[in-house]
């Protein structure tokens, strides 16, 4: 078990104007002073200062998380095997492919080893580039090999510094998005500060460095920034084309680096669909965004050797369905309120039916079952019947896939982020409802323009998109804690934009009958500045204390295990065990595995369930036969799993296996009536007694306080 110990000392389409410009001078009587030269200089100065602040904050964030990582593990002082062990579970698996490419005799041989891999899953040859999103590791390893930096920088540092560098891109993208929405870089500064002070809930890069989301989310943030700019009014054709190119590149990189890209972009496509139906976004731009999503993910599909899970994604089916439905229903946005609502309901039903039909057809043709565990999990999670499915229950019992804990909101509230977010969300939701109703009712545009200044609530397209985006990803985060990082980062953007937005304060003051232009400008700048001062005074000492706290990596049992494997087993040996541990075995020793944590393959899921019978109530002969069918030479048993206490009864791994096998669970508590006692004791407990029925199949060759390694007899 790993511990950290103290280190020893040694739309609205109604809005016809761009974002409010910062350089406009207003007299007390309301007259505008025209000074084009002064305005231009002020604008250039503002953009320059804002850009410098953005880059500085991005770099400071990178240094901050890198320092936390170093201080937490004493990474620069520990041995290589300890560094590799610190890349836990799937992080270790992904990093192992980078290490494999670095150690290959040539780039060509390294690529060949990935395309024809027979060490990640025993008795099978798989294409790693097709199965997993590891092109980033390939690119980084090639870059390391061709750059003249080998003498100055170890491969592991090149890798982790790249990920920490991407945090700079992430923060800059959030900063720019908030700046674009509000029209002032003060908003970006507040968004970045909130991101940093809420680090526990906005990122986990410092302790899960190679995780796919840490590669992908910076590109997703860049894509959102580009979409925000694209949705501004009065863009020149050249600006629009360049922005569309930026959206495409960011979408492609996001899709290439994370296997869950299709689900995130499906939510994004739903946001575009909702806003388009309510006539709050320009239809032409929405169409381009649908096409970019399809193009980006299909290009990734080609690079991943036509990965069937991508082809069968709901994203492709949904986007194609929307484009087809729009062609069929050409007069969707004409008519009165009742007429529009009927058309809208029919349109939604048509898109839904087409999506399901197209998706089912594709999956039937491709015989696709790779993502069925996700839908089983969702079905069980949202109460559509209990399940005994092992894979679904494995997800349901993990805290990361549970509901968002309530203490998250208390942490976010301590920085004032959640309060500001709730205030802005309430106001813009109300504005969106009014604008949507007005759009659907087809109000007379002439009368609308006459009353706009006094009565009309407007919502710019970029703000409308940001609103629906944060609502949908908020729902995702509330239902699945692991996805909160997609929401909390955008929460920083959304809240800071609202506090610095002329439109938000104008609407607020008009509701209170206190509106004046001067008062709006004062509040727009004073509230964010006061918030920044509060954050600085309250959290700066804590950040300094955090940076001064020194710990070190400490996991002697795992280090001892890895060293024993490297010294006492042949290079061709095949190891079975838990998914999490085996990822580390592959990284640290290079031995062949029976299973691993990348769970997006049906055969692997079935194989993992079989391997995990070592923690079930099965006979030694059965377990030996199962393990040998996968070519296993050694099996590693972990006391932390066999005698697990982290989960409650019903969610321990041994309980999930018992239920899946139809056996009664251990301990006090209820069991389903059709479950029966097993004829055999639990394998992982009984094998330690060295009974003849076990020793004829298994010989213990290594043992410490945490792990027990047994060598399998090779008799038939």
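A Cβ is built for glycine as well, from the same backbone N, Cα and C atoms used for every other residue.
Given the ranges 506-524, 525-543, 544-562, 563-581, the record in TrEMBL names 525-543 as transmembrane segment. The stretch that TrEMBL tags with transmembrane segment, taken from the ranges 150-167, 294-311, 312-329, 366-383, is 312-329. Cross-referencing 99-120, 121-142, 341-362, 385-406 with TrEMBL places the feature transmembrane segment at 341-362. The range from 8-26, 198-216, 217-235 that TrEMBL describes as transmembrane segment is residues 217-235. When Cβ-Cβ distances below 8 Å are used as the criterion, the transmembrane segment (525-543) is approached by residues 64, 184, 186-187, 189-190, 193-194, 196-197, 415-416, 420, 496, 499-500 of the same chain, each at least six residues removed from its ends.
Count of Cβ pairs under 8 Å against the transmembrane segment (416-441): among 41-66, 179-197, 242-258, 264-281, 341-362, the largest is for 264-281. Proximity of distant same-chain residues to the transmembrane segment (179-197), defined by a Cβ-Cβ separation under 8 Å and at least 6 residues beyond the stretch ends, is recorded for 19-22, 46-47, 49-50, 53-54, 57-58, 61, 64, 171, 203, 225, 228-229, 232, 415, 417, 462-463, 466, 489, 492-493, 495-497, 499-502, 524-525, 528-529, 531-532, 535-536, 539, 543. Residues 21-23, 160-161, 164-165, 167-172, 175-176, 179, 185, 188-189, 192-193, 195-196, 199, 203, 205-206, 543, 547 of the same chain sit 6 or more residues outside the transmembrane segment (41-66) yet have a Cβ under 8 Å from a Cβ within it.
Comparing 242-258, 312-329, 341-362 for CB pairs under 8 angstroms to the transmembrane segment (264-281), the maximum falls on 312-329.
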